[in-house]
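Working notes, structure below.
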Amino acid sequence: MTASFMLRSSFLSPPCPQLHHQSPSKSNHSIHFINPIKATASTNDAIIPPQKHRRPADENIREEAARRPSSSHNFSARYVPFNADPSSDEWYSLDEIIYRSRSGGLLDVQHDMDALKKFDGQYWRSLFDSRVGKTTWPYGSGVWSKKEWVLPEIDSDDIVSAFEGNSNLFWAERFGKQFLAMSDLWVKHCGISHTGSFKDLGMTVLVSQVNRLRKMHKPVVGVGCASTGDTSAALSAYCASAGIPSIVFLPANKISMAQLVQPIANGAFVLSIDTDFDGCMQLIREVTAELPIYLANSLNSLRLEGQKTAAIEILQQFDWQVPDWVIVPGGNLGNIYAFYKGFMMCKELGLVDRIPRLVCAQAANANPLYLHYKSGWKDFQPVKANTTFASAIQIGDPVSIDRAVFALKNCNGIVEEATEEELMDAMAQADSTGMFICPHTGVALTALFKLRNSGVIGPNDKTVVVSTAHGLKFTQSKIDYHSKEIKDMECRFANPPVEVKADFGSVMDVLKKYLLSKNAKH
């Protein structure tokens, strides 16, 4: 066993004997928290806001955080084999460089839930809510505002953050009413983030831990990933912020220019390889086994700790009311498990009393999970992923298949698929109501259309569609759609520009025809 004695003792030691915690909601119900609350196991059991003060002009927010007294909690986390038998004694410190269990299976980050449960749901709700909208380091981040549930033992000075997260959850009023007869449809726009995708949520955690490992003089010279675009953008940005070399393996000619330019601009060492994502993934795993390069793909369970905070944010944004459905696009399948994990932690720690049903949406051209689901969860078979406009989920052999199946089975989840025409039409329909979404969100919306039309999702069900990337990364696909230049696709909702002569009469004729057609619809 290579795990450190200190981490083992933190799990096995009994609770601090002087702690007799009572619900803070009873004794401090009327307190209005101006600043973040410290999650400390204090002897008087009160939630005490820190005294307000003005930071000295020559001190930055990181220095200010280092000056604050450290919390005296016993929160900790460790790696364990994913979905291991309860009798298993295999575990590893998060400070070890390890990606697989002894049997070759996936790892999971396991938190000391007994320590976290010493504080009730009201405490955690109040703590997380008190940090929203602040610039206090590192809690201005939507991820690090949940630090105790993410990487509880990392020093705040080691954190690398762009204050990611806290992304928009908006009411898709017109789209829901016009196309789905739904009154309570919401879109969680995770693409409104530092590099334009949800990948920032996980990458801030992974790069922060790498920053910690390098300060501990662990053998890490850089961080590497295989990517279909968004992972490489997030990795390169956070590594650049920390001054850590990043290495990116990209499948040649299979990602958009907007995605390719991000790692290049951020100074990453980019290898364009004549293979698909699965081929790049195999190569990066072989390389990181031989060189001191830290693996940043979602095989690494640290990233899922950041991604799960999007689920907690959804509950927070609904004032801790649980939606009925959450629909997530799925490629490598870490994200669907991350959402499940975030919702389950909130339930286990008393913040909510149930979790939503999850839907994983796949492109039909890369649908191994969908086929597995339709077979009744019989033996999983990877597929050869074909080209899809939803390029970030063009993955035929997903690393996190076991995680995804576990999550979906435990929440009575569903898997749906979208053809290329369906996902592009759904994207165009959404854009026509004021959104500007990515093709992956089009996949999720297609799943919603199918489940709504079959009656599985009701007209009044509170439903959240997770939008994983910004539409500006996929402008070429939108141009091709609206130009009707996509082979074998009708492009039913295309809206090409109208060519007109540069004279008043011609312009008036075109405008009158357009306005009459609009008026006829009302």
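Placed from the backbone N, Cα and C atoms, the Cβ positions cover glycine too.
Caution: TrEMBL annotation is automatic and unverified by curators.
The following features are taken from TrEMBL:
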- 56-67: compositional bias 'Basic and acidic residues' (COMPBIAS)
- 161-468: domain 'Tryptophan synthase beta chain-like PALP' (DOMAIN)
- K199: N6-(pyridoxal phosphate)lysine (MOD_RES)
- 48-72: region 'Disordered' (REGION)
Within the same chain, the residues at least 6 apart in sequence whose Cβ is under 8 angstroms from that of K199 (N6-(pyridoxal phosphate)lysine) are D230, T231, A233, A234
DSSP assigns the residues of the compositional bias 'Basic and acidic residues' (56-67) as 7 helix, 0 strand, 5 coil
In the domain 'Tryptophan synthase beta chain-like PALP' (161-468), averaged pLDDT is 95
